[in-house]
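Working notes, structure below.
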Amino acid sequence: MPARNILVINCGSSSIKFALVNEAQPDFILSGLAERLASPEAVLHWQHAGNKDSLLLQGGDHRAALAQLLPLVQSAAGGQLHGIGHRVVHGGEQFTSACLIDPLSLLAIRATAPLAPLHNPANLLGIEAALKLFPELPQVAVFDTAFHQSLPEHAFRYAVPEALYREHGVRRYGFHGTSHRFVSQRAAEMSGLAFADSSWLSAHLGNGCSTCAIVNGQSRDTSMGLTPLEGLVMGTRSGDVDPNLHGHLARTLGWSLERIDSLLNKESGLLGLSGLSNDMRSLEQARAQGHVGATLAIEVFCYRLAKSLAAMSCALPRLDGLIFTGGIGENSPLIRSKTLAYLKLFNLALDETANAACTRGAAGPIHAPGSPRVLVVPTNEERQIALDTLALLDA
Ligand code: ADP
């Protein structure tokens, strides 16, 4: 059987990220982004065979963007497209793994929308447009939350009255599951260990950031919760704050819930602390020039990350390795080294040359001889979604 092609789609409210993945090729055949959809500036950008191109979509929406994408995909895939994998943010408690999209699973995905009011409706837009444009192709939903459905109850329950959990689904779900699963599996392969008998801590550090404890191939705890706001300091998200902060701001400043929501999700994190940027590269440059806010933001980011990793270690029987991934985890020797400096009791030591060399997609161990493993593993959520899609086609 010739190697198969899967189109991976990640729909946001005004954007679509896509990648055409061939099961036998490490690089994407075609990849790109449609952005500012349904606005006059709507545009499609793509890369194929080393060339970059763009097309104005004249106010086009998700369906218009996918319709423009269709001939590009067909031509890049040589007419051989075997399925579509959709990233879906929230699968609630219904989805413990990827699922084929059919009327029943669509209903269940719709039913989880209240848990992810910003993300799931956007993901559904993409699914519905793709079903209309590619009605003959099998389509699969891959959930960010599914990998964390193996959390034990003592890790996923909040200490609030039970009725909130039973009747309203208030519990910790966790996100970035596709990435934590991909990198922990790769880490086991890279270390010559069986994934089913291994124990990892993983730190996914992109614009959103989370940690995860993975034991014998299963997520046992993770830092994000009911929503992706819980846990680490992120680009613009605060991560953990005192839950009374909402009440405090409402009482003392008269702020509305919407204002507080926007503060904690869009104006906080690295951006809020530094007063400068949500982008770690810019903050590292500013720190090197003595910028006080950038220096503090980096320190808080690393300390809170170390604290979260130490907390995650409660879920591990032993530590086979610590994994760094995501744009920051894969590219920043400074953040990796500062985080380890705050984790003294773990006895992790870096090989500074290897640490400095692991950037721009390079994978590898960066620990010193005698130290527990520390690995940089580039994530590839699109490939994992394609693999999950293929696994369901083969089932
Ligand atoms: P997303 O979560 O949107 O997929 P990424 O995983 O691409 O984001 O991560 C984006 C973050 O990675 C940004 O904060 C960016 O500054 C950071 N980053 C990328 N390259 C570097 C680098 N060389 N050094 C430090 N941070 C970097």
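Positions of Cβ are set from backbone N, Cα and C atoms, glycine also.
Using a 10 Å radius centred on the Cβ of Asp144 (active site, proton donor/acceptor) and all shown protein chains, the other Cβ atoms total 27. Under the DSSP three-state reduction, Asp144 (active site, proton donor/acceptor) is assigned to coil, being neither helix nor strand. TrEMBL lists Asp144 with the feature active site, proton donor/acceptor.
According to TrEMBL, the feature Mg(2+) binding site maps to Asn10, Glu381. In this view, Asn10 (Mg(2+) binding site) is surrounded by 22 other Cβ atoms within 10 Å of its Cβ, with every protein chain counted.
Around Leu205 (ATP binding site), a 10 Å sphere centred on its CB holds 28 further CB atoms from the protein chains shown. Summarising the annotation, TrEMBL assigns ATP binding site to Lys17, His204, Leu205, Gly206, Asn207, Gly208, Asp279, Met280, Arg281, Gly327, Ile328, Gly329, Glu330, Asn331.
Arg87 (substrate binding site): 22 other CB atoms within 10 A of its CB, across all protein chains. Summarising the annotation, TrEMBL assigns substrate binding site to Arg87.
Annotation comment: TrEMBL describes His176 (among others) as site 'Transition state stabilizer'. His176 (site 'Transition state stabilizer') falls within neither a helix nor a strand when secondary structure is assigned with DSSP, and so counts as coil.
Residue density at Arg237 (site 'Transition state stabilizer'): 26 other Cβ atoms are found within 10 A of its Cβ, drawing on all protein chains shown. As annotated by TrEMBL, site 'Transition state stabilizer' applies to Arg237 (among others).
Only Asp279 of the recorded positions listed as Asn10, Arg87, Asp144, Arg237, Asp279 bring a Cβ under 6 Å of any atom of ligand 1; the order follows the sequence.
Ranking the recorded positions Lys17, His176, Arg281 by C-beta neighbours within 10 Å puts His176 at the top.
Of all Cβ atoms in the protein chains displayed, 22 besides its own lie within 10 Å of the Cβ of Glu381 (Mg(2+) binding site). If you take the Cα of Asn10 (Mg(2+) binding site) and the Cα of Leu205 (ATP binding site), they are about 19 angstrom apart, rounded to a whole number. DSSP assigns Glu381 (Mg(2+) binding site) to a helix.
Counted over every protein chain shown, other Cβ atoms within 10 Å are most numerous around Glu330 among the binding-site residues Asp279, Glu330.
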